[in-house]
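Engineer: Sharing the record's features from TrEMBL:
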- 13-31: compositional bias 'Basic and acidic residues' (COMPBIAS)
- 32-43: compositional bias 'Polar residues' (COMPBIAS)
- 1045-1060: compositional bias 'Low complexity' (COMPBIAS)
- 134-253: domain 'NACHT' (DOMAIN)
- 13-60: region 'Disordered' (REGION)
- 1036-1060: region 'Disordered' (REGION)
- 649-682: repeat 'TPR' (REPEAT)
- 769-802: repeat 'TPR' (REPEAT)
- 809-842: repeat 'TPR' (REPEAT)
Amino acid sequence: MKKTTIAALQKLGLRDQKRQRNTQEPEHTERINNTPAGTSLSGHQIPEEQRQTSTGPLFFQDSQNNDFTKANITNVAGNGNIIQNYHSQSSSVVKEITADMITSATPALPLVFKGRDDLVDQGVDILCRQSLRFLAILGAGGMGKTSLALHIIDNPAVKQKFGQRCHFLPCDIFENAEALTQGLVSIMRIMLQENQGKQESLFNHLKATQHDLLIIFDNFETSWNNYSSRTDIRNLLEKIAGCERVSIIVTMRGPHGPGDIPWKALGDDSGIPQLSPAAANEAIKAFAGPKVESSETSDSIIGQLMYELDYVPLAIKLSAYHARKISLDALTEMWKNHKTGMLQDATTQDSRSTSVEFSINLSIQLLDKNKSNNHLLSILSFLPNGVPSWESNLNKMISKSPVGSVISQAKSTIRNLLPGQKHLLSTKSNDPSSSRNLSLEISMLLDTSLIYIQNEGLRMLAPIREFIQSQSPTSQEIIDQLERFYSQFLEDLPDNDMEAQPALQLHINNIEKIYKSQISSCHSKSSCVFAVDILYRFQRFDSVSISLIDLILEKNKNIKKDDEVRMKLRKARILKLMGRFQNAMAQVMSVKDSINEQSLSQPEADILGKCFHILRGIYSAQAQYEEAINMSLQAQKYFKQSENLWAQANSMSWLGEIYYKQARYKEAFEMYSEAQQLFHQIGNELGVAECLKRLGDIYRVQERNDDAIQMISDAQKQFQTFGNQMRAAECLLSLGELYRNQERYDEATEMLIKAQKQFEEIGLKNGLANCMRILGLVYMDQGQYDEAVDMFSNARIQFQNIGKIVDVAGCYRYLGRTYRLQRQYEKAKEAFTEALELLKGFTGERYYIGYTLWEFGDLFFDMKDFVEARRKYEEARDIFSSHGQLEKELDALLHSSVFPCINPHSTLSYASNSSEAMGVIFASWIPGVGTSINLDTDDIHLNDTVVEGSTLASDAQPTVLSSTQVNNTGATQTQFQSTLAHATSFITETTNASTSTATSPPCVPSALSSSVSQADATSTVPQSSSATSALTANTPAAYNGRNANNNSGLSTTLTSGSSP
């Protein structure tokens, strides 16, 4: 080992604390040259049981203050692999390398090999179809480079091209060009001629071959980084590459292949990537065996652990060895406590394939003794996101650190190291006068694969970060500087959330770690409350916000009262969005109860208004609408007292949302219109657009699809202009449902997939779930039942994760219907049963329960279990008959010509026209005479929009916008007037439309509705034709819950990430 290497290890403190080495007493001084295995440097044979067995970088433990010049050291490998040329002198003796030794050192083809098929195909394509000859498999230690090489050469196409002429050379056992040559001669079984050297014999053989030949240099960095032999090794490799029938695969750490050879690298610019989450899940289960079984709970635990391991293959394999013996919970706790110390195979000697720390140390030992390595490693290992846009950010992050003054020097060297990424590097140096050369430090780290460049950022894999931090923690001075950088970064974020979120996403894990560290240690140099205020704008980062809020409330004993109240109410909103309703309510009540309601100041009245507004959202999310209405009215009372006009308008809009869910459309329309006028009065254009969108939803449920499409499309464009991605996504979802109603399935799918993508980007799980649910209906409409099942199942999981139990039950109902259409009756029965079981806790959800029972009856009818079918129909009838608004419809149904077949006083029989009869029943049994209903959406009101992510939700007092200010947002006065014109048009068209007076709600009531107001009895709805004939199909499969006219009685309007 070189002195510089030992020094670097000493500085970093990277010593193995587990091993104790016994030192032999010296007899006399010998140079450390290559000597036969099992002999001391004095020439004495060492008994096997006394031999030092480690060949890794930790061969000399506790290497400080050691003098090796008189040491008697055993050379186990016999080739000087790690202990090499201490005095930097060339080896004069090379131990003979036999073919058997090489075969023994060659690993077997891995049986567990997940998520790499694409890379194998890419490698095979390069070698066999593109006829390129030089393949480089690059990346950090533990990424599976050797496994990839073995699977590539095992591919049939490679075997066909190269036959038995594939020669695998494990370079761990070769230290120089002479040893490599000897290894090649041995595995190719080249007979040496008299008076002919090994290299001459090798090249004569390679040039004379008439067939394609493949050489694999595995772990080539071992030989390549022996700097005393670098020139000889380069010459050897480039001469081999000059033989036209020879192809080469090289696996090594570093950003590029060795020498001046036109390598084709596998993977991306940073080498082979980590495993995908799905492949990592499969891999750990395959390694762990039957001990780890699939379930929602275990998959969740595994998913989190794989994320923390950064999906590194070696780390996954070694963690799986523990999972064979202990529970997943215990495994997670082990990782929390021991980090990389647990990532080893304790049953065997440490090596690059059995210990993550050993593998990392192989890279660290290559570093120079320069102290800047330590600082840079320590800084980068503290940042989970690395340094995004490192050219512009790294100098700002560490400008006061020992390495900060010379960062600009790195660029020219990196440009030379990565010629394929020149676009990442500008030619301009920020500090051309700097005397120190950080480029050497960065390039060295890149060469060892301790860091890598990805998307213009410097990154470090999680296991490497954890190990470096355990050995060389980042100083408080550096953390303070990082906090100052991110405080300014948050302050400089654009006001437009759609522009700001992508930039914030790149740094969010860094921000969380830095502020948690500073809050916990009470070292914060800036306002952590300010950081939370910024993050709170972005619902995607709610988990980060709430973790910081908890720490602030716990650690900051000097927090201002106003800040404390704001933090608690924001925590309550986030808890509500997570479905933790009781915790959210407790948080609100802790604020509410601290205020004396008898003598209120304006600020206190405003706080109470916010408390009641959040309580409204909590009750509404649980379908407790009457309580929600009371809370909303209380909120409006206090907002009027505090003279907060924006909050008053916002509260009116959400009260309209509750009415909408109850199918009380007249009252909903009035609330939306009143809120819209108040938003217009205070100049809040975003609020006006939100009301426009919601009025468009009322058009939609009244089946005025073209008008609804126009209004919602206009609203969507305005939301795009404002940068409100959540509201824009809601519009896309509504448009998807509208296109579905018109049987424009391609356009519906396009809108829904766009909405789904946006909800994923901003982290709105409820919106994502609703997209999946409606996509399921689109697939079901088209008879694509397997795809529908997948969508409903995924939606169910999402709803369950956020506590939306009624929606979970709805997904089970859709699954039951889909299985029935597939004639998978037992699965359908299980799904309907599960839906009814979940709805037991929501007795107010009469429509959900009634329609679930009705469809359950359909299932038994199809199964010809007529007794059970009649029982379900009767239960459904009882549910609906207990609801006064449906009494007349039920009376008509009871006296219809087809009802006797399910009347308890009649015999239930299966007639030849049963399907047609069922269609008539469905058409008749609709809460809304003269209105055709789409039973797919009979009870799905999704207008569960969030409070927190939008202007309508913010608890900040908005500023009244002048016309100039409005124009500065990118929206024109014409757009604003157009918005109001739409609202006026809606009022006029609703009044003048051809309508019929209904004695029931204008369409099927909301899935979440618990009551329907008497006020709705006089609501007007458009007249629909062919309501009955639409559902008289004569085959069971023809009825899939939609009528021929695709009229959507109740539809999926919303979606945002959560309920209000």
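Including glycine, each Cβ sits where the backbone N, Cα and C put it.
What you are looking at is a predicted structure, and each value in this text was computed from that prediction instead of being measured.
Locate each feature and note its surroundings.
Structural biologist: Across the range of the domain 'NACHT' (134-253), the DSSP-based residue counts are 60 helix, 23 strand, 37 coil.
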Engineer: Using DSSP, what is the helix/strand/coil residue split across the repeat 'TPR' (809-842)?
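Structural biologist: Computed counts for the repeat 'TPR' (809-842) are 28 helix, 0 strand, 6 coil.
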Engineer: Count the residues of the repeat 'TPR' (769-802) that DSSP assigns to helix (H, G, I), to strand (E, B) and to coil, and report the three numbers in that order.
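Structural biologist: With helix first, then strand, then coil, the repeat 'TPR' (769-802) has 30 helix, 0 strand, 4 coil.
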Engineer: For the repeat 'TPR' (649-682), how many residues does DSSP put in helix, in strand and in coil?
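Structural biologist: For the repeat 'TPR' (649-682), the helix, strand and coil counts are 30 helix, 0 strand, 4 coil.
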Engineer: For the domain 'NACHT' (134-253), would you mind checking the mean pLDDT of the predicted model?
Structural biologist: 93
